[in-house]
Amino acid sequence: MAKMSEKQSPKTGTVSELPSSASSSIRQGLWDVTPSLLVVAVMVIWSAIFGGRSTAERAITDFAMPLGLCWLTGLWAVTFCLRRRRWLIGSICLLFWLLLTLGSSNYIANALGQYVRYVPQTDPASEIEQPLDAIVLLGGYAYPNRFNVAELGSDGQRLLLAAQLLHANKTKTVICTGTSASGQSHPSAIGKQMLVSLGGDPGVIFEAPGFNTDAEMQSLQEFFSKPPDDWLALTGGEKEAGDDSGGDAAGYRLGLVTSATHMPRALRLSKTVGLNFEPLPCCLAGGGGPFNPRSLIPNAGAAKNVSASFKEVLAKLVGR
């Protein structure tokens, strides 16, 4: 009997230890997820204090989106690894979490955007007193939809600004640029089509090809080197070189319409072919106003803006 009790006691002990082991695992799991839950709680409460219920609900929505869930999962992975002293894997998770934070939050997107944007002190369009000979409308602001009808994209303000300048008689002509890689629905043709649909005179709207900004500037240089006769008739004939700026377009007063983020690169490339433009940037909205705690939560829109700004930084570093 004594031997039987001795044999049973280990079994009894093993059974009694199972609930303790399970509860320990639950506690460990709760500690692992605590930082992520704490971040959600702090950000939602902070957003509610900042902007009320609506802002708090939007913060919750941001966390529920795929990028927000990935961010919280990344924070959980960092906590999980570091609490178990898995330093190498934990450090790698932390690095990826930091990169995700820096690459997809509106706070970073706005800061980077302010760095790369061309931001004039005053509105350059309002300061045009005499009509420009031409404004160049760079492509990339509209795309054909599934019915092959052109629709404005995120940089659609470019087209609106060009139309406003044309209707206000602040430019004699408009030159739309851009070539599609597919060979169909060229940005230059889309620009002319949309300007005409807004009441623009098709006779004062011209086109220039180019698969990218560099190629567009090359095409413009050729355009102004030997301007079409109908364009010369609208602008008052050939101008004498050396009046206002260098290059083959000297003497013509030219404006350049593109987004503020893209403007510095476009101006750099224009100078390499001897063209000088009066910058007319647009898409300047955003980046101002008081701090919003939601700007710290990663989202897809911010990631897109960070990518666009980082592209301009890379272009500057390589001299483009």
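Note: Cβ is positioned from N, Cα and C throughout, glycine not excepted.
What TrEMBL lists as compositional bias 'Polar residues' is 10-20. Under the heading domain 'DUF218', TrEMBL lists 133-314. Per TrEMBL, the feature region 'Disordered' maps to 1-20. For 30-51, 63-82, 87-109, the entry in TrEMBL reads transmembrane segment.
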With the cut-off at Cβ under 8 Å and a gap of six or more residues from its ends, the chain residues touching the transmembrane segment (63-82) are 31-36, 39-40, 43, 89-90, 93-94, 96-97, 100-101, 104, 297-300, 303
Report, as numbers and ranges, every residue of the chain located at least six residues beyond the transmembrane segment (30-51) whose Cβ falls under 8 Å of a Cβ in that stretch; write 'none' if there are none. 58-60, 63, 72-73, 75-76, 79-80, 83, 292-294, 296-297
Which sequence-distant residues neighbour the transmembrane segment (87-109)? Criterion: at least 6 residues beyond either end, Cβ under 8 Å. 67, 70-71, 74-75, 77-78, 81, 292, 294-303, 305-307, 309
